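These come from TrEMBL:
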{"type": "TRANSMEM", "residues": "60-82", "note": "transmembrane segment"}
{"type": "REGION", "residues": "93-112", "note": "region 'Disordered'"}
{"type": "COMPBIAS", "residues": "98-111", "note": "compositional bias 'Basic and acidic residues'"}
{"type": "TRANSMEM", "residues": "143-162", "note": "transmembrane segment"}
{"type": "TRANSMEM", "residues": "168-187", "note": "transmembrane segment"}
{"type": "TRANSMEM", "residues": "199-221", "note": "transmembrane segment"}
{"type": "TRANSMEM", "residues": "227-250", "note": "transmembrane segment"}
Amino acid sequence: MSGRWLHVVSELGFDISRTGYTVSLVPRDRLPHANALIEGANAIGEGIGPSVGGWLFDTLGVALSLLFDFVTYVCSSLLVLLNVLERRKRKTAAASEHTPRQDESARVKTDDEYDDDGDVLSGLRFVWGIGIIRSIAFSAGQFNFFTAVFFTIYYVFVIRVLHMDPVAVGLAATCSGIGGIVSSVAVGPSSGAWRPAPLFIATLFAPALAALLVSLSAFTIEYGNAVVIALVCVSQFVWSFTVTVNLVLSESIKQVTAPERLLGQVSSVERVIALAAEPIGALAGGPFADMIGEDIALYLCAVGLAASTAWALDEHGILSFRKPDEWQC
């Protein structure tokens, strides 16, 4: 149990710090592409990780499988450390030759008003004070809440109501993984064509339609299991595809909006808002479905997911974000 807790804490720390070190390693014009590659790696890991883990367990046994896992973590950490040290060395060499002019045109009132010598509350003040970041953080919180409610009910619904067997459920999960991978491949190279605000709103709204498709698939049972399975697979593909785009877009916008020295605090606050919503939603999902039924609960989840776009409709929120020149085609 303590090992699992340490793993979760370490993973959370890595996710938070990743925002900052990505900025330190990657030029601004390459941030969307870099974030897309990272999300693609995550999607591939989630897609093939369980299969590889099962094969290692059967082939090597428990002890060697865990040792292999440990070695991969160590190698990944060393690669990140070497990259950061190399980047720091280059920055130091460049600083010794000249003093670069800071370009803070896109960072409205951030340095003086929100920098409190690394105070943990500076991230909270920044998230609340900058409408762009606030809209991203709170829309993610609401979205994650209803996502947790949805998937608490989803597996019961597809088995009990849609009569999908384990193979069909696994096929839908595979389509979800494929959606994330395809999205990460497509979103990076096409970043210059983005209109960030409309795209951000669309990627919050599309999963609501995907959730609705799962509920509506109950009306197609009379046409055979193949139709039901196809609709659920499409739903999971669309969900994962658009969520991956949203993650890449959110991360990239945050990285060019917040000062580099505040990225850790800002990411921490965002993660707290997003992660705090998940267990609450998961706990609420079961009683919610028991009270009103799985089908109605899924419809309401779709409404809640769609309503998360409201945080992004404020004129001072994501709608006020202007794409940096480096992102232009």
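Including glycine, each Cβ sits where the backbone N, Cα and C put it.
TrEMBL annotations: computationally assigned, not manually curated.
Residues of the same chain lying 6 or more positions beyond the ends of the transmembrane segment (143-162) and with a Cβ under 8 Å from any Cβ of it are 168-169, 172, 204, 207, 211, 214-215, 217-218, 221, 228, 232, 274-275, 277-282, 284-286, 288-289, 294-295, 297-298, 301, 304-305, 308. The list of residues near the transmembrane segment (199-221) in space but at least 6 beyond its ends in sequence, with Cβ under 8 angstroms from a Cβ of it, reads 136, 139, 143, 147, 150, 154, 157-158, 161-163, 227-228, 231-232, 234-236, 238-239, 242-243, 245-246, 249-250, 253, 295, 298-299, 301-303, 305-306, 308-309, 312-313, 318.
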